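Asks: Before anything else, here's the structure in question.
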Amino acid sequence: MTDSVIAPEIMDSPVSSGTVRDYVALLKPRVMSLVVFSGVAGMVVAPGHLHPVLALVAVLCIAVASGAAGAINMWYDRDIDAMMDRTAKRPIPQGLVPADEALAFGIILTIASVALMGLALNWVAAGLLALASGFYIFIYTMWLKRRTPQNIVIGGAAGAFPPMIGWAAVTGDVSLASIVLFALIFFWTPPHFWALAIFRKLDYQHAGVPMLPVVAGERETKKQMLIYTLILLPLAISPYFLGIGGLTYLAGSTILGLAFVAYAVQVLRSEDHKPAKRMFAFSILYLFLLFAILIGEHLAV
Ligand code: HEM
Ligand SMILES: CC(C)=CCC/C(C)=C/CC/C(C)=C/COP(=O)(O)OP(=O)(O)O
């Protein structure tokens, strides 16, 4: 899609109300699914027990807050989303949802989910949920994304909160184990995102977003990705030593971690973008499987 197709007056004026499908798209549902899964992992491994209805409410709050932050991100980024092939078909650049409606939708859902978490669960979990939203919206989207190639390293903390939020929903506190789960996603995010940024480099270049492959080049990005996967390897194994993962987790996290490092080596060695595409897909599978093993072990006991 070219820039000329998107009429600026459509992007900003409330000419139409979108369909349910358009509003669902504003919530970035596929990203939300893994955010929710990691939140569930935090809830399942935390010591203690929640009434199933309260557990469901906590999951709902994480899902809605994550989606709402996505909607506000799409409101703020509507100009650059319109310029990139990957994001040009989103509801705001397409004129399907007026920008101010998307903003209102995001704000209302954010307030509702944080308030519900506080009232139904506890205010530590609600505070962390608000912090995650604030990090994604203000620190990542509004401050860092367009200014520095370290945007996703620092801003990536937003996406690392969900297991900590899930843990806090159960226990009402923050502990070493929940900090380790936070750190795990924090160090996973750069290889996850830079793999995509390598094969979407032209998009970012076109939109003027200073992602690492655009600013420092692909070679430097690939080196950094390898460094992060090497840090992630022992970090992902450490839940075993903290007693929240069992022997299956020890074996699984080691194999998955070595595979992630092998993907990073392949990406570093290659000149074309295919290995980066494969690594991006694997990054999602990696995190999903890691948390699936943790959850599985706890439910099996
Ligand atoms: C600052 C941190 C992060 C950045 C910059 C980032 C960036 C991205 C981007 C640009 C995409 C492509 C989305 C699309 O094509 O619509 C993506 C996909 C995805 N991300 Fe992330 N991500 C981050 C953190 C996370 C976190 C924390 C999770 C979950 C725990 C996550 C889960 C996913 C999933 C599941 C997809 C695949 C969506 C699909 O199938 O289209 N991401 N990410
Ligand atoms: C409240 C809560 C639990 C928050 C979770 C926050 C969250 C969903 C973090 C993930 C960050 C993410 C998907 C960034 C996408 O980058 P981008 O926005 O630059 O991607 P885009 O180009 O696809 O819009």
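In case you wondered, yes, glycine gets a Cβ from its N, Cα and C as well.
Note that this is a predicted model, so its numbers are computed, not measured.
Taken from TrEMBL, the feature transmembrane segment covers 31-48, 54-76, 97-117, 123-144, 151-170, 176-199, 225-242, 248-268, 280-300.
Situate these features within the shown structure.
Replies: Sequence-distant neighbours of the transmembrane segment (97-117) (same chain, 6+ residues past either end, Cβ-Cβ under 8 Å): 11-18, 22-23, 26, 57-58, 60-62, 64-65, 67-72, 74-75, 78, 91, 125-126, 129-130, 133, 165, 169.
Taking Cβ pairs closer than 8 Å, the transmembrane segment (123-144) reaches residues 58, 61-62, 65-66, 68-69, 72-73, 76-77, 110, 113-115, 117, 150-152, 154-159, 161-162, 164-165, 168-169, 172-174 in its own chain, all 6 or more past its ends.
Residues 35-36, 38-50, 54-55, 58-59, 62, 66, 69, 117, 121-122, 124-125, 128-129, 131-133, 135-136, 139-141, 144-145, 177-179, 181-186, 189-190, 193-194, 210-211, 291 of the same chain lie 6+ residues outside the transmembrane segment (151-170) yet bring a C-beta within less than 8 angstroms of a C-beta in it.
Beyond the transmembrane segment (248-268), the same-chain residues lying 6 or more positions past its ends with a Cβ under 8 Å from any Cβ of the stretch are 191, 195, 198, 222-223, 225-226, 229-230, 232-234, 236-237, 239-240, 275-276, 278-279, 282-283, 286, 289-290, 293-294, 296-297.
Beyond the transmembrane segment (280-300), the same-chain residues lying 6 or more positions past its ends with a Cβ under 8 Å from any Cβ of the stretch are 34, 37-38, 40-41, 44-45, 163, 184-185, 188, 191-192, 195-196, 199, 236, 239, 244-246, 248-249, 252-253, 256, 259-260, 263.
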Asks: If we skip the immediate neighbours and take only residues 6+ beyond the ends of the transmembrane segment (31-48), which ones have a Cβ under 8 Å from one of its Cβ atoms?
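Replies: Distant contacts of the transmembrane segment (31-48): 55, 58-59, 62-63, 66-67, 70, 159, 162-171, 177-178, 181, 185, 239, 244-245, 284, 287-288, 291-292, 294-295, 298-299.
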